4 protein chains.
Amino acid sequence: MSFNTYGHLFRVTTWGESHGPALGATVDGCPPGVPLDEAAIQVWLDKRKPGQNKYTTQRREADEVEILSGVYEGQTTGTPIQLMIRNTDQRSKDYGDIAEKFRPGHADITYWQKYGIRDPRGGGRSSARETAARVAAGGVARAALAELAPGMRILGYMVQMGPHRADPARYDWDQVAQNPFWTPDAQAADDWAAYLDELRKSGDSVGAMIECRISGAAPGLGAPIYGKLDTDLAAAMMSINAVKGVEIGEGMAAASLTGSENADEISMGANGPEYGTNHAGGILGGISTGQDIVVRFAVKPTSSILTTRQTITKAGDPAEIITKGRHDPCVGIRAVPVAEAMAAAVMLDHVLLHRGQVGDGPRGRIG
Amino acid sequence: MSFNTYGHLFRVTTWGESHGPALGATVDGCPPGVPLDEAAIQVWLDKRKPGQNKYTTQRREADEVEILSGVYEGQTTGTPIQLMIRNTDQRSKDYGDIAEKFRPGHADITYWQKYGIRDPRGGGRSSARETAARVAAGGVARAALAELAPGMRILGYMVQMGPHRADPARYDWDQVAQNPFWTPDAQAADDWAAYLDELRKSGDSVGAMIECRISGAAPGLGAPIYGKLDTDLAAAMMSINAVKGVEIGEGMAAASLTGSENADEISMGANGPEYGTNHAGGILGGISTGQDIVVRFAVKPTSSILTTRQTITKAGDPAEIITKGRHDPCVGIRAVPVAEAMAAAVMLDHVLLHRGQVGDGPRGRIG
Amino acid sequence: MSFNTYGHLFRVTTWGESHGPALGATVDGCPPGVPLDEAAIQVWLDKRKPGQNKYTTQRREADEVEILSGVYEGQTTGTPIQLMIRNTDQRSKDYGDIAEKFRPGHADITYWQKYGIRDPRGGGRSSARETAARVAAGGVARAALAELAPGMRILGYMVQMGPHRADPARYDWDQVAQNPFWTPDAQAADDWAAYLDELRKSGDSVGAMIECRISGAAPGLGAPIYGKLDTDLAAAMMSINAVKGVEIGEGMAAASLTGSENADEISMGANGPEYGTNHAGGILGGISTGQDIVVRFAVKPTSSILTTRQTITKAGDPAEIITKGRHDPCVGIRAVPVAEAMAAAVMLDHVLLHRGQVGDGPRGRIG
Amino acid sequence: MSFNTYGHLFRVTTWGESHGPALGATVDGCPPGVPLDEAAIQVWLDKRKPGQNKYTTQRREADEVEILSGVYEGQTTGTPIQLMIRNTDQRSKDYGDIAEKFRPGHADITYWQKYGIRDPRGGGRSSARETAARVAAGGVARAALAELAPGMRILGYMVQMGPHRADPARYDWDQVAQNPFWTPDAQAADDWAAYLDELRKSGDSVGAMIECRISGAAPGLGAPIYGKLDTDLAAAMMSINAVKGVEIGEGMAAASLTGSENADEISMGANGPEYGTNHAGGILGGISTGQDIVVRFAVKPTSSILTTRQTITKAGDPAEIITKGRHDPCVGIRAVPVAEAMAAAVMLDHVLLHRGQVGDGPRGRIG
């Protein structure tokens, strides 16, 4: 019911505004006995941290996480884990113009219309800064998965920026950590760097497409009908700022396929069923097949740009707006670690749910 | 928490298997005093009913809804509304082969792996027949919206079948009810009819893309972060059988756009803010802008086809499978009324949520 | 969020009015593979069934349950179980006067004030008939507990009627099924029978106190703070019609005790910790100790009595009211099987929750 | 689903341990535009603060609340409000013995059995210190009620300590703030002071009974069946540490009454229905009548006493235990502001729920 909470058994409530004193995540439902300290979470926050290269916002935030509860002597206790990140760089003077004018394509106007009040400093609650809290919570989920599903791996990476799409034929997973775009296609990384340099000069921004791959998930995770693994992953990704579309496996392209093209044929392998292809993206009927789970989403370009746009003021008067300040030309870059965090939370949630409803491991044997 | 329930304040729990005695929906949270009878619901069920033309399954079901509770003298009372639909045509002999072999691309195998038991008759709970219950519940949501948001209109229509896409330049909303595909593009309807005739002869099936448009929604509906209107719509559509991707507004195409292309400029109209374009699909920051809300999703082709496919048996032995019986060559057709029902439920839910949290109407004035 | 649903992982939504066509329960979250058929549920419904002796309402209802979904070949499938009970004896003519006048002590007036509409036939949704659905759902919970917690026993019994309290010194558990009041004190049963005969002649009704004892629960069930086992049991019992107070262990009497009197001393037994006394009622910090869990509640006397009472009409005019028709002089009698059903649902829920969050069995060893 | 969250639309998640760096409450669902600052919350925390007189723990905590999010320029924004209270007095050396031995009557043993790990410093999460977070959240609820239900008043007070019960004939509401026990009976305050002095000398503790009275609630708040106002109040109070019983109106005494004694007769007053008596405690069928809502609960004596008790160690060996350190001889005293806070949260929640489901105000008119 809470608008600021996700998850069923593993529940995360994020809180905080971009220019308030702090933001964070209240994590409830983490199993007891999971080794956890701040360093284990910080590693993921550092991956998302702004100002690391010229392609992300120059806002400088230490983004240091403090664990305020739920951990005792290096282990989770099963009680709520409070993660707090202090805001240290709050140059809100950059945002003065925004308090009275609405940025086209931004949540300014709808927050105002809904609530009649909003914190205009840097977008307040609608700022992408909220995703730092998600990444911290994702660190907790990762730590718990390491105990409960040790074979599971979660990897996010960029597959498209503006009109330029990465080529799967060139994918090399070792490349992902080697370029500022988290892409497995080194050639694409070079192309995007050149493209983004041009774009920055023109004061514009651009969209992107991110893919997240979960390998090593046991078959049987997820649930039918309204608790489908793909539904929960779609909702998780769609809740990230600026995301406008989500796909599982073939995604929107499934509309173009015939049944004989789309159905993944099944054979018997040494460790259970195997599939010739993975059009399904690792999920059938909302339940994992044991194949890689593949989720993909599009991030729209940020609306905070240096290009002049027509808008109105609170008073309803016409106005022009240019958004100065520190903004990412491609917010999709920093969505990569956020996607991983959301995927980790959803997967842990379904590991716990499955254990609760069905017990440890899949129930139905094949072969 | 329930895997068979959706909604926050307006909550729907569907129940029932394709070949059990009945299926239905338990609807909780409908406001009191809404005029409602069985006829008001039946009109939507008739729209979805199988066997209406040669493009949908020949299973003959009356799909007659009974209201078992929650309505007194033609008005809702605020208590749970139980909607029951008897299954009348349960020719389960058609499905014998499926009990032992797994259909590629079907939830047979994952249900078995998860639960160790399943009702194999016609897919049991994973059957598209479950969507009849959604459509019935959607009828209740429509009736309540007629009272609480009388200007709101919800229209679903098909925009792509296989490789053939409808052309917005030819859209005529009056056409939607005139062809078996619920498409506003009469030319596309003709093309798809010819295409589908060919496909049926080959025993194959095909995917489709559906769009749903909600017009007349007040600005301010929805909620930030994890209760976003687009998140809830995405989850609602992704929960429909065979859906593999969901888009709001520009959707996946937003990855290709620049910020100056994507942001919808704002001007002041007679009745409030107006937007030059609608890349956002009527939602900013999870909250409605007052423009048309546009959600689109892809339905994969049904996996029950007459083409021989390789699979395995429960015993793990290799096998070939052909799915005889009554199946839709394009299940996407019948997804249209289901999409409308889900959209109606989500919109009513957010009307109630907004009223609960903020009060009647938007709070923030412009102009 | 649903006002008609209880439970976390094992969720029950009841629906239906006393004089509509049917009522029932939608049960979601029952684990798969549990042996279940209608007979296993009917045995509990028969225990609650009205008209069995002269002390309960003479309304004649077969109260036959139909399982409409979620069970295949005698086993639960993990999908929602729909339980329907047809109303067969709907002599609503008995209730004519109630439509216009409000019964003192009854929910007539508050339903009307809240909703502006209500089903006046026999109380509609506020009728104790709703508890038949709970008992049916409790039968499902019992069946699942038999698999997951085979040593657990749940027994409800009456401990007080009006001013007459049963004496624990006389308790004989074998007596519970031997008298119409489900009491372990045979002497009390005789006293109450005489008392109730007098009361019926005067057209009055009386309150009662029920206790429910859960033995064989493993230590470690429950959860801290807001998901406490005692909180959930209290909420479950308080939700039963006419219940006005709930106690765990010492209950309200704990206010009178000193710390040295109240704390149950601990020693080490062959199978783990043992306690010298059970003031705690088997729960510490919201988590089961392994002792008997003891919950007790008071049921107020029914407000439908033959004694003339002062009231008002819908129009606000003063009026006198006598409630004719078929009513229980002591509704507490039939609350006994309802209490057992609620206890079974809560215990199963916490067995599943514990398994989900912590895994099978308690984690911390002693000795 | 969260074990650390309560509420439906107004949701509070508390977090933190007694001897960690901080504790607090994440408050979601507060309406926008409510005037709020730290001072408005601090006033309630000061009421609960330990060490104020000789009858409460001598632990010295500033209990200063910081608002970290959700408030902008003195008004709530509709986004989550994070309330943090630093722990400043963490003399955990007092608790050494408790890490290895289990206190009889304390949650030590069940936390250990459930989780296999716990924070033993001062009870960790099971400490009554958690209630500071509730009181802070209650301050937010009070502020919102002042806007949405300005006529509502919430007053908690003690009505019994050990064997000594206050006498309603002596009640004077102005006395409540004049004595350390928050009781309206000045004579009882004197008696309890003398009694408690004796008790402290003997190193023992004692239970208490608290009543909370909500006046000025509109009729129509609450919901039938499982979201009853009395159910939610009972669950809220039962979730407070050490509470073992909860009553509404007549409570457990309702078991002793006849229907003609118990039913509150109705007449028509100038402002709507009036009731001759209030056996119902202001709630019928789970919905408020407009009378005072009266909830009462018993707090058991704290188990941390200086009296020697028999127990066991983690290793299962017999042991004796005396709990030194700073403990309240009557924890019930500090439960008074906690009860008020829980009542405020429940009432605000139901004000919001009613508005969401039914709209502003009651729907059904009388007269």
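Glycine residues also receive a Cβ, built from the backbone N, Cα and C atoms like all the rest.
Unlike curated records, TrEMBL annotations are generated automatically.
Under the heading NADP(+) binding site, TrEMBL lists B:ARG48, B:LYS54. The feature FMN binding site is assigned by TrEMBL to B:ARG125, B:SER126, B:SER127, B:ASN241, B:ALA242, B:GLY285, B:LYS300, B:PRO301, B:THR302, B:SER303, B:SER304, B:ARG326.
Mapped onto this structure are the features recorded in TrEMBL.
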{"residue": "B:ARG48", "record": "NADP(+) binding site", "CB count, 10 Å": "24"}
{"residue": "B:LYS54", "record": "NADP(+) binding site", "CB count, 10 Å": "12"}
{"residue": "B:ARG125", "record": "FMN binding site", "CB count, 10 Å": "29"}
{"residue": "B:SER127", "record": "FMN binding site", "CB count, 10 Å": "19"}
{"residue": "B:ALA242", "record": "FMN binding site", "CB count, 10 Å": "23"}
{"residue": "B:LYS300", "record": "FMN binding site", "CB count, 10 Å": "30"}
{"residue": "B:THR302", "record": "FMN binding site", "CB count, 10 Å": "27"}
{"residue": "B:SER304", "record": "FMN binding site", "CB count, 10 Å": "25"}
What binding-site residues from B:ARG48, B:LYS54, B:ARG125, B:LYS300, B:THR302 have a chain A Cβ less than 8 Å from their own Cβ?
B:ARG125, B:LYS300, B:THR302
Given binding-site residues B:ARG48, B:LYS54, B:ARG125, B:ALA242, B:LYS300, which are under 8 Å from chain C when comparing Cβ atoms?
B:ARG125
Taking the Cα atoms as reference points, how far is B:ARG125 (FMN binding site) from B:ARG48 (NADP(+) binding site) in Å?
18
Can you figure out which of B:SER127, B:LYS300, B:THR302 (the binding-site residues) comes closest in space to B:LYS54 (NADP(+) binding site), comparing Cα atoms?
B:THR302
Spatial separation of B:SER127 (FMN binding site) from B:ARG48 (NADP(+) binding site) - C-alpha basis, Å:
14
Once the DSSP letters are reduced so that anything not helix or strand counts as coil, what is B:ARG125 (FMN binding site)?
helix
